[in-house]
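Data first, discussion second: the structure below is written as structure tokens.
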Amino acid sequence: MSLTLCNHLYSCTFISSLHQSHNFIKLSPNSLKFSPNKSRIRILYPTRRKRVIISAAVNGYSAVQGSNSDETHVDFGEKVRNFVENFRAILPGGRWWKFDDDVQIEMMAKSVSVWKALSRMWELISEDRVLVFAAFAALIVTALSEISIPHFLTASIFTAQSGQVAVFHRNVRLLVLLCVTSGICSGLRGCFFGIANMILVKRMRETLYSTLLLQDISFFDAETVGDLTSRLGADCQQVSRVIGNDLNLIFRNVLQATGALIYLLVLSWPLGLITLAICCALFTIMLFYGKYQKKAAKLTQEFTASSNEVAQETLSLMRTVRVYGTEHHETQRYNKWLDRLADISLRQSAAYGIWNLSFNTLYHSVQVTAVLIGGMSILAGSLTAEQLTKFILYSEWLIYSTWWVGDNVSSLMQSVGASEKVFQLMDLSPSDQFTHQGLKLEKLSGRIEFKDICFYYSSRETVSVLQHINLVVHPSEVVAIVGLSGSGKSTLVNLLLRLYEPKSGQILIDGYPLKDLDTKWMRERIGYVGQEPRLFHMDISSNIRYGCTRNITQEDVESAAKQAYAHGFISALPNGYKTIVDDDLLSGGQKQRIAIARAIIRDPSILILDEATSALDAESEYNVKGVIRAVRNDLKTKRTVVVIAHRLSTIQAADRIVVMNGGRIVETGSHMELLKKDGMYSQLTGRQADAVA
Ligand SMILES: Nc1ncnc2c1ncn2[C@@H]1O[C@H](COP(=O)(O)OP(=O)(O)OP(=O)(O)O)[C@@H](O)[C@H]1O
């Protein structure tokens with residue numbers, strides 16, 4: 001049965017119930033609609049390393065399976081109990097407020113303390129510490145000027161009332177000076193903190209991006225692009241508030257609150273202590289609120305990342321979505337995450353409401369207490385009206401500052417929550433390939449030897465993909481690897497490209513272990529054309545030059561394009577080699593030809609071609625055969641060619657054919673030798689011949 005969640009709140013109840021019971025679902029019959037042709041409910045939680053799938057057999061769900069008449073028999077007592085339970089759930093601290101139900105704990109990044117997060121941020125910005133110090137200096141001057149204003153304001157009014165002209169003028173002059181100073185320093189403070197923040201976010205993104213680019217390929221097998229771009233975008237943006245907003249305002253308000261408190265205690269210590277007690281209560285509420293917001297922020301980041309993941313996947317597969325007419329389904333898939341985001345936001349807003357309510361209540365209680373006790377003190381003659389006015393002004397100041405501190409601490413907590421995953425990713429060590437300084441040979445002849453290679457992908461440890469592969473490819477030899485789909489051909493090439501490391505065995509290049517060779521040096525000497533070549537969003541010329549470290553002229557580009565049979569169609573494009581392309585603007589065959597030109601221009605000692613298996617067959621075959629022919633005819637440049645071949649004519653052009661099955665090499669030899677053997681190869685060619693016939 002498929003399940004439609006009628007409204008957002010019910011969806012939360014549903015998900016919560018799923019988590020609570022794990023096996024049994026408690027659902028409100030009103031909230032769900034079932035269609036009879038499916039049998040499972042699946043909820044996917046994207047996690048960093050795995051997706052948790054909760055499946056619930058709906059057929060075993062008797063309460064909903066029954067007719068609607070069940071609903072009418074719910075007795076009054078049950079209804080009241082449900083009402084009371086729901087009411088208790090929405091009270092502060094109730095079940096509705098808890099986030100734990102919403103998400104598996106392993107999807108969260110390791111929690112970092114505020115101090116740890118701040119010290120990490122300081123590491124990133126410490127290079128520009130002068131700017132930060134200048135910002136803090138401006139902040140201190142602003143805070144001190146602002147906190148002195150109410151004193152001189154009140155003093156000016158009361159000195160005018162009592163006719164002390166000289167003192168009145170001095171107070172007004174000081175007032176003007178304080179206003180001007182606080183105005184200027186406030187501007188400088190905002191500007192310096194803003195710049196410091198911009199630097200922090202820029203460094204954070206730079207560091208994160210460069211760390212990601214240096215990870216092993218297996219890291220990208222486990223992470224999704226949408227998730228990573230979300231860390232770079234939304235998460236870093238959230239952290240951007242830390243210095244420019246949160247810290248800046250926290251420090252300002254802490255300073256002002258401290259000043260106001262001292263002033264109040266000097267003015268009247270009993271009233272000062274009462275105000276302090278109220279502020280402590282406010283601060284305690286604020287701590288709970290801050291923690292709550294931090295957790296909410298972490299979930300918001302997770303769900304934003306998940307929604308980005310869905311959007312990115314759908315938009316990049318837009319043609320498939322259109323052809324299969326799944327727009328509505330995809331919208332629902334996206335909406336599911338939006339609903340969860342809205343749910344978090346709903347609770348955040350409700351928490352904000354409670355926080356504001358507490359503040360208002362406590363704020364007004366300070367006013368009332370001050371007027372009551374202060375008024376009685378005036379009547380008793382122990383306090384003047386001027387002192388009480390100052391007291392009320394400063395107590396307002398104190399409580400407002402406490403409120404601001406609370407507000408900004410909660411915002412800081414949110415930023416810290418958002419930064420956790422970013423720091424976790426930033427802490428990843430780069431792949432060994434980038435840290436290890438390997439050997440650089442004087443000359444590479446292109447001899448490749450696979451020695452007893454075994455391999456499985458870390459994401460599927462139980463599935464052995466290559467088993468005891470032994471193969472020698474001689475310099476300038478053209479070797480075709482053939483076999484059924486999934487037999488491990490591309491994996492073998494991936495190991496040669498060092499995208500993955502063998503689990504056992506060794507790959508030798510010119511007799512040297514591939515692991516000992518300098519990866520960058522080695523890759524510069526390999527040309528690779530994948531089965532589905534991808535192009536960058538830049539002009540064709542730049543796409544062909546991509547990654548080539550030697551000096552390249554436009555003639556070199558055109559010559560490589562001619563060898564790859566790409567010159568003709570490129571010249572026919574409106575802007576020729578300057579035409580901006582990307583993955584969608586050219587046909588599969590045209591992209592492949594550009595990728596071949598990109599491989600040829602490097603003048604590689606080892607050329608690896610993965611022939612396309614799909615609809616491109618004929619064109620791909622023509623292109624690949626052309627490259628092999630060119631290698632054969634060009635006696636000056638010696639190249640070893642490894643081609644993963646699917647077509648008979650490509651295979652025949654090879655010096656040697658290696659047949660793979662189930663991760664093993666089962667046959668090797670020339671076309672004729674293998675046909676005579678009447679083994680797997682002859683079966684494969686027989687099948688292809690039948691297909692052509
Ligand atoms: N990144 C990966 N993570 C986990 N398993 C993978 C990964 N890439 C490939 N595999 C699995 O490894 C096995 C071999 O795949 P491989 O791509 O090497 O086969 P192939 O012979 O090149 O197939 P084809 O001719 O269809 O391209 C397959 O079972 C595949 O599902």
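Yeah, the Cβs are placed from backbone N, Cα and C, and that goes for glycine too.
Quick look at what TrEMBL lists:
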DOMAIN    133-414  domain 'ABC transmembrane type-1'
DOMAIN    448-687  domain 'ABC transporter'
TRANSMEM  130-154  transmembrane segment
TRANSMEM  174-200  transmembrane segment
TRANSMEM  261-289  transmembrane segment
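Residues 121, 124-125, 128, 131-132, 134-135, 138-139, 141-142, 145-146, 148-149, 152-153, 156, 239-245, 247-248, 252 of the same chain lie 6 or more positions beyond the ends of the transmembrane segment (174-200) yet place their CB under 8 Å from a CB of it. Nonlocal intrachain contacts for the transmembrane segment (130-154), taken as residues 6+ away from its ends with a CB within less than 8 angstroms of a stretch CB, comprise 171, 174-175, 178-179, 181-182, 185-186, 188-189, 192-193, 195-196, 199, 243, 248, 251-252, 255-256, 259-260, 263, 386, 389-390, 393-394, 397. The average pLDDT computed for the domain 'ABC transporter' (448-687) is 83.
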